[in-house]
Each structure stands twice: as C-alpha cells, then as structure tokens.
Amino acid sequence: MKLNPSLLTAAGLVSAQLASALPQASSSTVSPSPSPSATPGSFVTTSGLNFVIDGKTGYFAGSNSYWIGFQKNNDDVDLVFSHLQESGLKILRVWGFNDVNQKPTDGSVYYHLLADGTATVNEGEDGLQRLDYVVSSAEKHGIKLIINFVNFWDDYGGINAYVKAFGGSKEGFYTNDAMQAAYRAYIKAVISRYSDSTAIFAWELANEPRCQGCETTVLYNWIESTSQYIKSLDSKHLVCIGDEGFGLDTGSDGSYPYQYSEGSDFAKNLAIPTIDFGTFHLYPSSWGTTNDWGNGWVTSHGAACKAAGKPCLFEEYGVTSDHCAVEKPWQNTALNTTAISGDLYWQYGDQLSGGPSPDDGNTFYYGTDDFKCLVTDHIAAINSRK
C-alpha cells in the first residue's frame, strides 16, 4: 500500500508522532531481544496449496500494521497483539524497514541511515530494538509476522532513500551494485536477529516492488537472486515477494493490473524455487477498476497459484468506505478459492496510549461494527470449515 498523508486523520497522526518521538517513563519501555523459539516444529511451512501454522493446516486470517514497529510504548505493542490473539487473527504484516537520509533529531524511530554513499543500521533503542519488541510480543501472543525489507514507495524512505544516498534511479535499484550491497547488508542485519524465532511467518523482499517500463527479467532476476540470498542466511523461514500480483494471463480481461507494464510477471516470478508462496493485493479505486472486479482478480490468482503448486496469500486489500459491504465478498471469494490459504486486510487500527493508531483511510478499528463483520464473522466462517 502507498500511504496517502491527506487521508491520515489528525488523531492518528498525533498518535503516531507521539509514539515514535516521545520516550516513555515507565519500565514497560524496556526492549528485550526476542528469545529463540522453543520448538523447531513450530516454524511456519507450506503443505501443497496450504499454509501450516503451529501444526494446523488450512486457511488463516490476519492484517497489516505498518506503524507498530515505530511505537515506543511497549504497552501499546502488547495491547495490539493481545487484541489480535483474542480476535483469532493469526498473521500480522509489518514494515521491517524505516530508511532515512538524515538522522532524526526529535527522537523518532528509524532503522537504516543512508547518506553519502554509506549505509548504517540503527540497532539502538530508537532503531531495531523497537522491532525486537514487536517480535518478542508476537512470540508471547502466538502471532506470526511477515517482515519486509524495503518499500517501493517513498513512505518511510523506500527505494528513493537508496537513490538519494547512492545515485542512480528508482528503476535502477534492482541492478545497481552499491544499492544492492546496502540492501543485502540490511537484510542480513534483520534476519540475524530473528532467524531462530518462530514468530516469523515469512521474509518479504519488498512492499509492492515495481519496475515501470522494464523488461520483466529485471524484477525476475532480482527476485531470484535476493530470495536465494535470504535462503542462504535462513533456510527455516518462508520467503515471498510482497508484490501486487501484476502481470497475469490467467483470467485476464486486459485491464491495467493484468498487464505487464509495471515490469512484473506473476506466474513466472512465482515459479522461482526460492519463493515459497504467492502474494497479491487489491485496490480497485487506485487501479481504475470496480469493486466487483476484485472477485475475479482473487480467483485468477488462486488459479495461477494452483498451477504453480504453491499457496497464495491475499496480502493486502482495502477501501476507504463501506468496508463490510465491499470487502466481505472479497473475503468470501478468497476463502472459497483453491490455493488461496489466507488473507490480510489493510489495515488494523486500535486505540493506543496517545490516541487512535494511524488511519490512512483504509483503516478500521478493533471493536467496531466493521471489525465484527470483517474479523469476528470472518474468523467464524474460517473455523466452521475445519
């Protein structure tokens, strides 16, 4: 998802800014590194067209929270994971990147400083120790995390943060030696912290990687080599791309998302041996399609994943209004489509110590009517199939 600052509520912005900038006085801000998981058997795996979590094979629901790793109040993090656990949501996708070109002077959390041709990983209390606590809390609450390493969009730095530090272009990121060396060094720094944690559902190459106007071989080669590198560092966890699902002949109606103009070939990329499952997103209002069109998008990706012999994760989907009416049919379609083994709505909202968590327009909050429709009732539908 590309964040739209104009849609963030004032309350959500205040909450996010306070959480990331202000140190908390209580002892709850101590940030322990996550301890290694107890049993190797609890690592997430795949079985045919399904995910296997904690020994259970089937369909799993979850959400996205780009902001949780930037909170400085541990109680807020624990509150979110407690509510996820209570609701039956099993997977949370979080931003594993926070790239800056200048070190913040206000105490804001950042993970990775890119400046003047150099890259420095921030392992301090205002850096990856915040992600440490997210992983630790996820372990305690039985939630699985998808952690990605860079953003195609400019939110929290993204690829353009690398471009500003090393030169070149956004499209050139995938083949530029200096940028790729910094990117891989960051991947290694993150994976080395959590390679033994069973809280990790999967490592994800990027949020919505695109290469507009490029031959599809550019992204393919980058995905292949990067996923191989990740597997060389950690063979225990799944690896995925984080793409939107663009570039697909199966079920194509010729509309923009099915085309190859963003440099992506969904089926070809999915066939890479070191990619364990497919990811796809759905934002009709951003893509010039209708809400009803989304159901065909879901089934087309299910068919492509079935052909590849790998499960699909419906990884992001959202609208800015009528959440229940619009998103419920997508959930039902995904739940009843072979090879789709989970969905994560965009995005989770909760009441934090500083106010509501950020609302980019697609957010709905814990305990609301939309939450009952799209989480409580959805989990009940999933459980009724078991």
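A Cβ is built for glycine as well, from the same backbone N, Cα and C atoms used for every other residue.
Swiss-Prot has this to say about the protein:
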type	residues	note
SIGNAL	1-21	signal peptide
BINDING	W95, N207, Y283, W346	substrate binding site
ACT_SITE	E208	active site, proton donor
ACT_SITE	E316	active site, nucleophile
CARBOHYD	N336	N-linked glycosylation site
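In the three-state DSSP scheme, the residue listed as 'active site, proton donor' is classed as coil.
In the three-state DSSP scheme, W95 (substrate binding site) is classed as strand.
Of all Cα pairs drawn from W95, N207, Y283, W346, which the record names as binding substrate, the longest spans 19 Å. On the backbone, the CA of E208 (active site, proton donor) and the CA of E316 (active site, nucleophile) stand 10 Å apart. The number of other CB atoms found within 10 A of the CB of the residue listed as 'active site, nucleophile', across every protein chain shown, is 25. In the three-state DSSP reading, the residue listed as 'active site, nucleophile' counts as strand. Around W346 (substrate binding site), the same-chain residues six or more apart in sequence whose CB sits under 8 Å from its CB are M1, S63, N64, H281, E316, Y317, G318, N362, listed in sequence order. Around the Cβ of Y283 (substrate binding site), the number of neighbouring Cβ atoms within 10 Å comes to 19. Nearest in space to N336 (N-linked glycosylation site), taking C-alpha to C-alpha distance over the binding-site residues W95, N207, Y283, is Y283.
Sorted by the number of other CB atoms within 10 A, the recorded positions N207, N336 start with N336, the lowest.
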